[in-house]
Amino acid sequence: MSDTPTLALAKDLLSRQSITPEDAGCQELMIKRLEALGFTIEIMVFEDTTNFWARRGNEAPLFTFAGHTDVVPTGDLTHWNTNPFEPTIIDGMLYARGAADMKGSLACMVVAVERFVGEHPNHKGSISFLITSDEEGPFINGTTRVVDTLQERNEIIDMCIVGEPSSTSHVGDVVKNGRRGSLTGNLTVKGIQGHVAYPHIARNPIHQAMPALSELATTVWDNGNDYFPPTSFQIPNMNGGTGASNVIPGTVDIMFNFRFSTESTVDELQQRVVEILDKHDLEYDLDWIINGLPFLTDTGDLLTAVVNAVDTVNQQKPQLLTTGGTSDGRFIAQMGSQVIELGPVNATIHKVNECVNVEDLEKLTDMYQEVLNNLLA
């Protein structure tokens, strides 16, 4: 039995070792298919990252499929049951690095658009693709740079589906209609280095920092809302000392991270952190990295179209959640766009033996096509 168009394209994409920020020819495969449909292609290379913007039509609304061709490293190959770049089907599951995150989605997007354009060559509005090879890496030269370019020429995305693996047990059981923001602080608390036997002529920055860190960890930053849980504060990294047992360190470095809801702003969180640090009379340096702002699509044509499309295919409406980490949707949402994430089951992403249900890929293709039918037919 021959492969379906979705499965065949997925296998072709998965056979390419596009470990971030490499693309390994994946985008060329997609571009050829889209050019045949009348898409105008614009390749955007920024340093080590390859991106492309493809558009069919010049009218509003502008609907976009967004995704990435890069994948995370495989890890120890001896822990894989198959070659991660030789897509293999076992018991109805397609195994390969990127099967779920997110080359499977890319194949579904392309085939869905091929079918839709074949049925509706004079469709309403415009369809576009925003594809990058820098989602799994530092996300500096990928989607964010393409969005900047589009905004500079006032080309604004109205609605966007990001193909990130949103589902939990079967495709379409969960869609993400928002994401929390991410704010990282790099804090250096300064003390005075000395001998542990003479603490009176030294100043231990670890001891000094602990009460402030305790307060930061126990502070209620907000109460969340109907769509987001309360803002969370975590310390993922802390480093101080020389490694010797008889030396009081001169500094301690603490990295902390907020995952914050729409109930808090970056300025508010930064101000409250500084107030707590100053209250404890610390000598410190503090640098901030805004990894992404929260976004939410709680109403609108896109949300309605996605919910109805999933219901048509699954005979069950999806659950709307904002859980999980950040995605490139945060950059697109800054344009004022409606953004929804709909993709495969995420149970094996970034793990060895990453896989996706072959039937789910067919259903996801149908869902994407139905979204287009609902919006642009």
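Numbers here mean position along the shown chain, with the first residue as 1.
Placement of Cβ uses the backbone N, Cα and C atoms for every residue, glycine included.
When secondary structure is read from DSSP and collapsed to three states, Asp70 (active site) falls in the coil class. Residues or ranges marked as active site in Swiss-Prot: Asp70.
Summarising the annotation, Swiss-Prot assigns active site, proton acceptor to Glu135. In this view, Glu135 (active site, proton acceptor) is surrounded by 25 other Cβ atoms within 10 Å of its Cβ, with every protein chain counted.
Annotated Zn(2+) 1 binding site per Swiss-Prot: His68, Asp101, Glu164, in sequence order, evidence recorded as sequence analysis. The number of other CB atoms found within 10 A of the CB of Glu164 (Zn(2+) 1 binding site), across every protein chain shown, is 27.
Sequence annotations record features per position, and here Swiss-Prot assigns Zn(2+) 2 binding site to Asp101, Glu136, His350. His350 (Zn(2+) 2 binding site) falls outside any helix or strand according to DSSP and counts as coil. The Cβ of His350 (Zn(2+) 2 binding site) has 14 neighbouring Cβ atoms from other residues within 10 Å, across all protein chains displayed.
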Counting only residues 6+ away in sequence within the same chain, which have a CB under 8 Å from the CB of Glu136 (Zn(2+) 2 binding site)? Thr20, His68, Asp70, Val71, Val72
Excluding His68, Asp101, Glu164 themselves, which residues in that chain have a Cβ inside 8 Å of the centre of the Cβ atoms defining the Zn(2+) 1 site? Gly67, Met102, Ser105, Glu135, Glu136, Val162, Gly163, Pro165, Ser327, Gly343, Ile349
Expressed to the nearest Å, what is the distance separating Glu164 (Zn(2+) 1 binding site) and His350 (Zn(2+) 2 binding site) at their Cα atoms? 12
Roughly how many angstrom lie between the C-alpha atoms of Asp101 (Zn(2+) 1 binding site) and Glu135 (active site, proton acceptor)? 10
A correct count of other C-beta atoms within 10 Å of the C-beta of Asp101 (Zn(2+) 1 binding site) gives 27
Taking the centre of the Cβ atoms of Asp101, Glu136, His350 as the Zn(2+) 2 site, the remaining residues of that chain with Cβ inside 8 Å are Val71, Val72, Gly98, Met102, Ile349
